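If you check TrEMBL, you get these features:
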TRANSMEM  29-52  transmembrane segment
DOMAIN    45-294  domain 'G-protein coupled receptors family 1 profile'
TRANSMEM  64-82  transmembrane segment
TRANSMEM  102-124  transmembrane segment
TRANSMEM  144-166  transmembrane segment
TRANSMEM  211-230  transmembrane segment
TRANSMEM  242-265  transmembrane segment
TRANSMEM  277-296  transmembrane segment
Amino acid sequence: MKTLSSPSNSSTISGFILLGFPCPREGQILLFVLFFVVYLLTLMGNASIICAVRWDQRLHTPMYLLLANFSFLEIWYVSSTVPNMLANFLSGTKVISFSGCFLQFYFFFSLGSTECFFLAVMAFDRYLAICRPLHYPALMTGRLCNILVISCWVLGFLWFPVPIIIISQMSFCGSRIIDHFLCDPGPLLALTCQKDPIVELVFSILSPLPLIVPFLFIMGSYALVLIAVLKVPSASGKRKAFSTCGSHLAVVALFYGSVLVMYGSPTSEHEAGMQKLITLFYSVLTPLLNPVIYSLRNKHMKTALKKILGEIKIWLSKKILGN
């Protein structure tokens, strides 16, 4: 990996500076507390869904197994950015090393790509459940579910190594300041000593594919679902069919809505603050809201979560009384 160098001298710099959210020291501490609470709630919410699926036999179905894996993914996705963001709030230098920056770059985009693939697989599961209800148990077997889960992780993590390695080998000149709270490709490419049109072209082609292809697959799946639901004669049957897709559609809208606004519109320097807010929405707030969306709209999940909370209360009361 090549070091940062200034055009006027040959001195090397130890890493990049993530500017984050510039504000006075008191504001930094307030932001630290706010995001620390959000991070804990995100971990607890997604972990509770994993525990509910693990401990409740009624939830041992493909839909809930995919949901548990999705929650596991969300824990890692939010952990790829927030811990470093929390450290930066309390840091005076806000420096991130070369290796740390590109590792965050790799894991953030790989986990984001994996999330896109998971959303597509979950849409496929809903398509089979609604459009092929009689064949669903035979089609969506435990073996197929495991293959789809593994494929999501493998595809997500094999997509970005080559472009990231190429970018990491480029020379960086002048300012080392990244006006963001994470290592994003746009600001990184802007710091390179010499623009490489081929590298930028390769990255601009490869980066959108894990976002666009699953999105088109999701839209196609739900178009077929909509056609099938409209053929259902009873209103109650239509409501039941839509209710099984409501939570997933809400998550897709939250994630893809913010991501498409971020990467589907032109960027400029004066939009840096808006880029941070949009990135914050899909990388931090969406993983926080997902457990709420899935639990509030699903009676089986609510029942399982209440059961777990009841068992935790009993366990805590026994511990307290025992002491």
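Note that Cβ sites are derived from N, Cα and C of the backbone, with glycine treated the same way.
When Cβ distances are compared across the two stretches, the transmembrane segment (242-265) makes no contact with the transmembrane segment (64-82), since fewer than 3 pairs at least 6 residues apart fall below 8 angstroms. Sequence-distant contacts of the transmembrane segment (277-296), counting only residues of its own chain at least 6 positions beyond either end whose CB sits under 8 Å from a CB of the stretch, comprise 35, 38-39, 41-42, 45-46, 48-49, 67, 70-71, 74-75, 77-78, 81-82, 108, 112, 180-182, 184, 247, 250-251, 254-255, 258-259, 261-262, 302, 305.
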